[in-house]
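Chemist: Right, I'll just put the structure down here and ask away after.
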Amino acid sequence: MKRFKRAGAIIETLKEHGHEAYFVGGSVRDFIIDRPIGDIDIATSALPEEVMKLFPKHVPVGLEHGTVIVLQDGEPYEVTTFRTESDYEDFRRPSSVQFVRSLEEDLKRRDFTMNAIAMNEDGEIIDLFGGQEAIQKREIVTVGNAAERFQEDALRMMRGIRFVSTLGFSLEEKTECAIKRYGHLLEHIAIERITVEFEKLLTGPYCVKGLQKLVETKLFMHLPYLQMSEEKILKAAEYNWESFETEIEAWAFFLSCIGEEHPSVFLRQWKFSNKKIKEIVAVLLAIRTRKTKEWDAVFLYQTGVQIALMAERVYQVMIEEYNMSTVSEVQRLFDSLPIQKRQEMNVSGNDLLSWTDKTPGPWVAEVLQKIEEEILQKRLENEKEAIRGWIEECNLL
């Protein structure tokens, strides 16, 4: 409750000025489940302008949706006005938002009953839609009619599968039937929003269960490049995903499992950042080499330790012989390298040019690469004079 107590000052201020205010959403759900709590959100009867007037330290992030970020003791909290939403456009966004004074109306518009629970500053639970019962049964149940909820915002179906992975809950029967029936509506959703949910699925502690449910509901058929991957996704669900430490590893392993031959094309279609694409592809390339050889000084140096550690964790899962000491050995080997990046070499291209009358050209990079390899193999000291002597001895200038 400590984190709620800090945010409770916001609720107290709102109530002192005649407004209702409650903790809502995922933080309340996770508090009931006894999971680590993420962002704490507050719903209130106060209008956005009233919230901003009461809290000088604020950021008006989404006034059209009634959301103001209030800074309390240096922590940001989303404070959102009770609202209802009118007819949805394109199965993804409401045509308009109306602010209301009723908590029940606000909770009624939410996706799942476990996310439609409110709590006051004293820890008293307000559960109008059976969210606690669903949590007790470990079930994911829509608020009201499942078909209506998914037609309002089709992303809710993907969120349902994501919660299977992150919470280990099961889909309630009517909720699952509605996903099977309306899965095609997911094609109306921006891929960026789907990617966020899919990544949470891949990194969830119950990822195997989530992947199985993705196939059982046929939702995978409405995701880019996955329509023909049913058996491969089920095969991926046979492995132990718990060893992965980053989402990069999870994506690299998933792409390996589905046999994606053009990972950068897949990732661009899923709207990944160039940085993330580069990392995932680098891990996949390292795994490809790792399948045919052990780590050595040159391979590890060229790969870089962070990519190498991720690649080794994925490789260990692939061969189903996960060995933590092998991963630790990669770090030890890297720590023992005479140099860990080219900038640490005690010679540069300018040095080479100053030792010869040759004009600059590709030969400079070639010689530097040979020096680099000799140092890494510990056949040459990383000292300028020793390097110069070796170059002259080998007639490389």
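Note: Cβ is positioned from N, Cα and C throughout, glycine not excepted.
Note that the structure is predicted; figures quoted are calculated from it, not measured.
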Chemist: According to Swiss-Prot, Gly26, Arg29, Asp153, Arg156, Arg159, Arg162 bind CTP; identify which of Arg83, Arg101, Arg110 is listed for that same site.
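Modeler: CTP site check in Swiss-Prot: besides Gly26, Arg29, Asp153, Arg156, Arg159, Arg162, the record includes Arg110 out of Arg83, Arg101, Arg110.
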Chemist: Within 10 angstroms of the C-beta of Arg159 (CTP binding site), what count of other C-beta atoms is obtained when all protein chains are considered?
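Modeler: 20, counting other Cβ atoms within 10 Å of Arg159 (CTP binding site).
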Chemist: Considering only the binding-site residues Gly26, Arg29, Arg110, Arg156, Arg159, which residue has the minimal Cα-Cα separation from Asp39 (Mg(2+) binding site)?
Modeler: Gly26
Chemist: Listed CTP-binding residues Gly26, Arg29, Arg110, Asp153, Arg156, Arg159, Arg162 - what's their greatest C-alpha to C-alpha distance in Å?
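Modeler: 21 Å is the greatest Cα spacing among the residues binding CTP.
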Chemist: Rank the binding-site residues Arg29, Arg110, Arg156, Arg162 by the number of other Cβ atoms within 10 Å of each Cβ, and give the residue at the low end.
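Modeler: Looking at the binding-site residues Arg29, Arg110, Arg156, Arg162, the Cβ with the fewest others within 10 Å is that of Arg110.
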Chemist: Arg110 (CTP binding site) to Asp41 (Mg(2+) binding site): how many Å between their Cα atoms?
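Modeler: If we compare the Cα positions of Arg110 (CTP binding site) and Asp41 (Mg(2+) binding site), the gap is 14 Å.
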Chemist: Out of Asp39, Asp41, Asp153, which of these binding-site residues shows the lowest number of other CB atoms within 10 Å of its CB?
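Modeler: Fewest other Cβ atoms within 10 Å, among the binding-site residues Asp39, Asp41, Asp153, is found for Asp39.
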